[in-house]
Amino acid sequence: EWDRWLLMGLIGTAVGMLAFLIHQIIDSLIKLKWDLMENYLQVSKRKTWSMGADVVIYLSTGQDGNIHMTWLCALGSGLAMVVLSSGSVLFFCPAGSPSGLPEIIGYLNGTSIPHLFNIKTFLGTFVSCVLAVASGLFCGSEGPMIHLGALLGCGLSQLQLDTLGVHLPIFTRFRNSADKRSFITAGAGAGIASVFRAPIGGLLFTLEEVSSFWDIRLAWQTFFCCLMATFTMDLLSSSLCGFVYRGHFGFFEAEKRIIFWNLLDMNVLAFVPTILLGMLGGLLGALFVSLNIKINKLRMQFFNSIPKLSLRKTSKLLETMLILVISCVPLVANLGSGRNFLALGVGCILSFSCSSDRGSAAALLVENGKQGITYLFKRGTHEEFGYTSLCTALAFYFTLSCWTAGSAIASGLVIPMLYTGALYGRIIGLILVSIFGVQTNEYGAWIDPGLFAAIGAASFFSGVSRLTISLTVIMVSMLS
């Protein structure tokens, strides 16, 4: 069995390297987008925000032309990425759209899907995922990473490319249906493990969601594959950021991975809002799934009514562009007197006056989902976000992420689900703060909006995906 373990380790290492490459490219593209927007603003840069969030705020000079050009630059660069992202799955590899996870589950349950594991699907999904996330759409890279991990598991175990006619005489004994499915399962688990840095979560995810046939040997080998993927991702990320070497190779900084440093003493009263959040997550999750099914049915009816295939694909491409345009609509808040500030972000531009509530609204609306989740989970920030900013961001993310899911791009829903749940969890926590006030004693420390943001994120994720055990492990791995 040594060759099977060796192959599992190679698959995990390859998936970890691929996840690292995807995140580095996304960060580099986002930085490039910011640099392009800065060229059109003659402003004095003002770094940051009271909570220490990495939000760049620019003091506007009153030249509206510069602001408009900056918005056009953000919109133009986002549209260019969306066109390439959607075009890669529409015209290059149709099997890569949208997330790949349902197709992987279907294949492991015995459904034959053409071109699901060929090299064109791999390249198209990779390009589409990177550009879709960097463009500013409300999506994540988690679903495509599961598909890409499964593709690596299939390719490295079989070592043959039917598209190119390549058949290597190595690991030939694994070229059968049963072993092929086992390696695909391990690759999919390594994909989710590398994203969340949770090897046990990746193992349980494959058991609970992906695999149809399971045994103890496959469990240990899948866990080893997930462990190698997580270790490779952490090792490479320890010294590189946006392909820039920052030293300290192999030094794992805990503050970059652990969101909650301090433990909170719990009160039995905390279970009351927790149960409420669980029920709310189930209801909103059911609403999200129902709306998404209806949107996809309408989408299919509309596109199927177009007789010509080229026009149908072009219409799907235009839909993704429309979603991005709506995501980039400038949100202007006039608060009367006060100096105007302009916050530039990945997806939109928000003009607001200098106040803490507007600053928090800017951080929620213009930052990417992963960074926004970190802000929402942060403890000790009871009054950092107001009801207006939280409700506005909740409406935006719930609606646009529901519309984006199923469009012609390779994208995932995990980040939007966590973000949406964290928003209404934070609202519940803010309501408790409004009722009981900011508690500093040990008996009232559980009244923290950051804590309920984490619970809300898990509740909405569970309500949409119906995951339980693996989701709990993933959340614990993320937060501690």
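In case you wondered, yes, glycine gets a Cβ from its N, Cα and C as well.
TrEMBL entries are annotated by machine, without manual review.
As recorded in TrEMBL:
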type	residues	note
TRANSMEM	6-26	transmembrane segment
TRANSMEM	71-97	transmembrane segment
TRANSMEM	117-138	transmembrane segment
TRANSMEM	183-206	transmembrane segment
TRANSMEM	218-245	transmembrane segment
TRANSMEM	270-293	transmembrane segment
TRANSMEM	314-333	transmembrane segment
TRANSMEM	385-405	transmembrane segment
TRANSMEM	417-438	transmembrane segment
TRANSMEM	450-476	transmembrane segment
Report, as numbers and ranges, every residue of the chain located at least six residues beyond the transmembrane segment (218-245) whose Cβ falls under 8 Å of a Cβ in that stretch; write 'none' if there are none.
4-5, 8-9, 11-13, 15-17, 19-20, 23-24, 27-28, 31, 149, 153, 182, 185-187, 189-191, 193-194, 197-200, 202-203, 206-207, 211, 251-253, 257
Determine which recorded stretch among 71-97, 385-405, 417-438, 450-476 has the most C-beta pairs below 8 angstroms with the transmembrane segment (183-206).
450-476
What stretch of 71-97, 117-138, 270-293, 385-405, 450-476 shows the most Cβ pairs under 8 Å to the transmembrane segment (6-26)?
117-138
Residue numbers, six or more beyond the limits of the transmembrane segment (417-438), whose CB comes under 8 Å of its CB atoms:
273, 276-277, 280-281, 284, 288, 364, 369, 372-373, 376-377, 382-383, 385-387, 390-391, 393-394, 397-398, 401, 444, 447-461, 464-465
